[in-house]
């Protein structure tokens, strides 16, 4: 099934692509706006009555998993978001345009009409755009048809223009949400739909987004766009801006209704803008406002539910919080660095509190959304401090006012006006739906008849993947072989994929895709896992695409998603085709379709990402459900040895410290020196090869060692590559011990008090992990994110799913509700701190294995046998309750390492026979993995078979039956032998491991060889001058081989079509002496194969 030619024509006729860079100047518009007076179909329309009344969702967040802008991304009337990146259609106006509810487009109209947008895409504004004040003076309150921005009409139809529809904004400011609320961030010339349009971004709970920031040349008169945030989601996203709502502040005494005040949740103005004035001393600087909104009304707006802060390079500049004191009163408090001149000033007739904060071009800037508690904490912390100033402002509602309920208008159906571009079920008319939607002259003119049409018919509905909702960080890349020259890649990883919503009823889906591998990918209908799509390898991640189909049952208005889950295989997704369920009842002639939307702005070029072969777990050292890897810490080797001697059992591994500022294992417990720490690591490795080593890389201490004056500066330096040499030293340590299993805590017990800028920590974390894993090819390491157990810290500093393999926490007394001296942390009867419980639950939702990275009792519990044992009981109960996958216990005498005895004690398990016995009884369970459970004894190669009996010597010149030799000098055949070694009997390298396969020679094979260092090793091999490798692979390529550690070349191979079930052989020449070590090991640029056996051939 393939796309119809009609849809190809529609795409080919879409608007031209263009963008204006940061430093460019907007070109002169070729399409001047209409100068006609107001053409509203209802001259009594109110200026701000754009879309209807405003209301919040219950609570302060959008419904779970709901894409709140989905109704705005549907093709509707004149507006086709499916054809234009960033375009939104108005679901409360049949035209889809950003118009007054009482307005329409006259039949003979020529000029611009504004539109909505999202994602920092700004309407292109021509030089003839009037200021709002000029529009009001000349045309009154309804100014929809006097614009130099938006879709351009000639005689009532949309036509193409030489200017782009949008220009890309400046991605400079991030919004970071530390609350459980949703926010809609909106920007434009004024709030609301006041021209030239409105730019929207959604900020999800605990999420981040880019704050809309106008580019250079956006408006020739350099009008500063206003930027607002609304909490609680505006149900159902009616007016993104203000709306006349109820009653005014005190200035409207006597009960007059205030038409421009009181939108829920609008408590603060942001209004960031860049000075683009040529030659100005501040040219290129960002000026960010943080102030109260002049439209805030305590009665109507209510308690905002949040405060805000502004950071430059991770340093707090200002914090503001609005608190209601009663139903009609509120007080705002702003605390800011005095250099930002915080003050009370007039904004029209209203007094507001605010500060204007300047940001240099090379600095980062972030707005942080805070809970009232956190905002008030920061205010109290900086109030009265030198260099900081405090400003307050009171707001008063009309005490005689009351709130009346409002009626929410329904969203217009998504199939109105010729969209989607197929006849919907029951639409029998041949002329319905607008055949040319999306083109220059889009919009069917023959629709709207009243007679019954012919029985309804259907054609497949083709939708591009890049126009779907992108899930989990997937990215769009350019590929001329894709159906619209682009597709969606980087789909490897839980939760990654694409989703289409508001679909017609469909019975089958065909996916056009590219993938280097064969496998399956999960699909979801209405958010529910409905099965898997099976597909075959296309041989690569682009350039050639294939199709796979699956039967589905999608109801009218339903959703369909392709989403990666554990165990899936990744594909790059080009497009999907839905087979629409047809209703054969006669229908009425369809209504005429609207004109097409704008052209496609090409996405940023993102190359397709080649994922590794599918694996059921992102963390290679996750032991799986119901199992816990046991480590003993931390840096003192003598104590580690004493534990092993006392218990008679070696743990699965040890824990250590390291420093990013040296690239080495360091002392961390006090008296242990750096050399002792390195000796500890070496000694454990020598006595217990193939065990685990947990290394905590210190970021927060000794930053001066790296040449930094502050932690924030250090984090920026790490992310910028200034510590790469030290990261490479860690890499060499790990690469030199390929059989060792490393886990790395990149930072430990990180918290927002020290790492206030979550983005800087995330960037540093991910840079370290990426350089180790991708640049250096270290495959024997998992990375751990280790925050404090406070939920705000846990969520705010999370670096993202890409490089986080484990999420770890420290569990000392307070975590399990045991007291510290003069401190108590929990309610009576609790055995786990509620804060830790919340962080555990959040971590489980990230689908990452949880670790206890540090654990030990502290005084007073550690001082008595009963307290010590009670702590252990609570610790192990937590392990069982939350299925902890790794436990590191610190068995050390803390005071001997220099720690104060009042706060820390002797937590050595072998200090007390009763404690040791109790501990042994707890870990002597199937759940806990010790050294003997996690290492494999080397398996020797199979014995060499006896050589064949040599033939009897032949007289010179007599034929011995071998036509290949020179019989004139042959005294007999050269002895030959073939020695086979099964791959599964070798030593596994990296994450490679054996799996069962009846088609393999020994019913087993070695897989998971994708990734630097993964493969198999054979020692004491026989001599050979040829090798035969039996393998299976869904791809073609080469895999490197090594003799005695030296790379010899690559084993070139062709695809067998899959990773198992069918094997092939490849033979190559070699020069291997008896007793050598031979490896098949993946290097950068290799292709993966699953290895059945290697035959060493002498002939």
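All residue numbers here begin at 1 and follow the chain in the order shown.
Cβ atoms are placed via backbone N, Cα and C, with glycine included.
Feature annotation (TrEMBL): of 353-406, 407-460, 461-514, the stretch labelled region 'Disordered' is 407-460. Listed ranges 936-973, 974-1011, 1012-1049; the one TrEMBL annotates as region 'Disordered' is 936-973. Of the candidate ranges 27-52, 53-78, TrEMBL annotates residues 27-52 with the feature region 'Disordered'.
Other C-beta atoms found within 10 angstroms of the C-beta of residue 854 (active site, nucleophile) number 23, with every protein chain shown included. Mean per-residue pLDDT, taken over the domain 'GH26' (612-919), amounts to 85.
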